[in-house]
Amino acid sequence: MKVGILGFQGAIEEHEKILSEYGISTIRIKRKDDFQNIDKLIIPGGESTVMRKFLIEYGLKKLFKETAAHIPVWGICAGSIILSKKVDDKFNNLGIIDVNIKRNAYGRQINSSIKNIDISKLGISNYRGVFIRAPKIIGFKDDIISLGMYEDEHVFLQKDNIMLTTFHPELTDDRRIYNHFLSI
Amino acid sequence: MGSKRVKVNKDFAKMFKNGVIMDVTNSKEAKIAEKAGACAVMALEKVPADIRKEGEVARMSDVKIIKEIMQTVSIPVMAKVRIGHFAEAMILESLGVDFIDESEVLTPADENDHIQKSEFSVPFVCGARNLGEALRRIEEGAVMIRTKGEAGTGNIVEAVKHMKTINREIKMLEGIDENLLKNKASNLGVSFELIKKVKKIKRLPVVNFAAGGVATPADAALMMLMGADGIFVGSGIFKSKEPRKMAEAIVNAVINYNNSDILAEISKDIGSPMTGLEMESLAVNLSTRGE
């Protein structure tokens with residue numbers, strides 16, 4: 001199996017390290033050729049404005065959307081913004097899932113925190129999610145399944161092959177979210 | 001500061017990796033930086049090249065300007081405080097800036113001590129020329145390190161020296177036994193636990209950026225190739241002939257640092273970089289401030 005990680009900016013190496021523990025090879029996706037022969041795709045945490053800019057400027061928009069629609073894709077924090085069709089109530093032309101997401105909704109870095117998340121739908125208990133200048137999911141279509149909650153907020157969504165987490169599983173030693181993604 | 005706070009701050013720094021953080025002095029420059037693909041901006045009163053020219057005391061930026069920058073861009077906003085000036089840091093923390101740079105580029109407020117950064121909730125980045133400086137700053141609570149380089153010169157030589165020194169000193173820990181490691185820790189004025197960790201993971205335990213002298217896309221690529229996690233650009237952008245082009249070119253160079261064909265393409269027609277200075281011609285060496 002080969003996992004592509006969008007390689008423009010952000011916490012890329014963290015995923016590479018973890019996936020290598022599973023014996024899975026990775027490739028940093030920066031141009032068209034990189035999309036060939038990948039089985040899964042990760043859009044990492046980092047700055048969504050930077051990823052967005054270069055996906056478009058490097059002419060990858062169409063290929064990115066086509067690929068993401070067909071193979072398992074996981075967006076983390078900034079990555080979940082890239083994949084959502086609505087960002088801050090505006091249409092996002094890179095989006096592939098009917099989610100309305102609000103950037104930096106918890107505030108600035110001072111409001112970043114580690115929270116207990118309820119992922120009982122996947123049989124995962126006592127999960128601690130790292131939220132960093134996280135976006136907030138403010139709406140999504142009925143056919144999307146909410147897999148994780150922090151209090152009354154949805155922080156983990158999935159529809160078929162598309163998965164979003166507004167928290168960062170790559171920053172903890174807990175591998176249960178990876179196990180789930182790799183099983184899709 | 002609780003251990004959760006430390007973790008979430010260290011983790012935040014990881015989100016800047018493979019990115020470019022740009023010095024800006026007002027909201028207009030901040031917008032240009034954001035559009036060019038900066039992953040964060042650093043607010044300061046004057047870019048280092050101007051601080052160097054004027055020879056006046058350089059302080060934290062005007063709060064009004066920092067606030068305007070925070071309202072203008074959606075990317076994280078950092079700001080600089082003087083070494084040891086914890087009151088400036090308290091002000092920036094209350095403003096809600098995302099990161100504080102306790103920086104040798106500003107005039108130091110305390111010749112002996114740095115800020116006790118662990119007492120703050122807001123994360124700090126500090127400059128370092130060698131492993132000892134880096135580890136002392138980390139023990140004080142810095143969650144991100146950058147080379148000091150020699151800011152405002154457009155000369156990459158010092159940043160190269162500092163990056164190589166830190167890499168070499170980490171490499172040299174490999175062969176040494178526990179007793180020598182204890183000596184080393186006490187010589188550097190850091191805890192045994194911290195240096196043991198560095199030996200084990202073979203790198204600094206926090207994100208490590210290059211800074212101080214980056215003036216061209218090639219400079220940025222050079223520092224990435226030497227193992228920097230990302231790049232700070234100070235005067236290099238807004239002291240160049242065409243800041244927009246230069247800013248984009250430097251971000252592109254960080255994305256493609258290991259592809260020389262693309263670097264060649266990026267380095268074409270980007271306008272003159274800032275004027276560089278030889279180290280021998282400098283009246284003040286900023287990098288020797290705060291050891």
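Every residue number used here counts from 1 along the chain in the order it is shown.
Yeah, the Cβs are placed from backbone N, Cα and C, and that goes for glycine too.
Within B:Gly84, B:Gly152, B:Gly276, B:Gly290, the residue that TrEMBL lists together with B:Asp23, B:Gly213, B:Gly234, B:Ser235 for binding D-ribose 5-phosphate is B:Gly152. In the shown protein chains, 31 other C-beta atoms lie within 10 A of the C-beta of B:Gly213 (D-ribose 5-phosphate binding site).
According to DSSP, B:Lys80 (active site, schiff-base intermediate with D-ribose 5-phosphate) is assigned to a strand segment. Residues B:Asp23, B:Gly152, B:Gly213, B:Gly234, B:Ser235 make up the record's D-ribose 5-phosphate site, and a Cβ search at 8 Å around their centroid adds B:Val47, B:Pro48, B:Ala49, B:Val105, B:Ala151, B:Thr153, B:Gly154, B:Gly212, B:Val214, B:Val233, B:Gly236, B:Lys239, B:Met274 from the same chain.
Close to B:Gly234 (D-ribose 5-phosphate binding site) in the fold, though at least 6 residues off in sequence, lie B:Asp23, B:Met42, B:Val47, B:Pro48, B:Ala49, B:Val105, B:Ala151, B:Gly152, B:Ala211, B:Gly212, B:Val214, each with a CB less than 8 Å from its CB. A distance of 25 Å separates the Cα atom of B:Lys80 (active site, schiff-base intermediate with D-ribose 5-phosphate) from that of B:Lys164 (D-glyceraldehyde 3-phosphate binding site).
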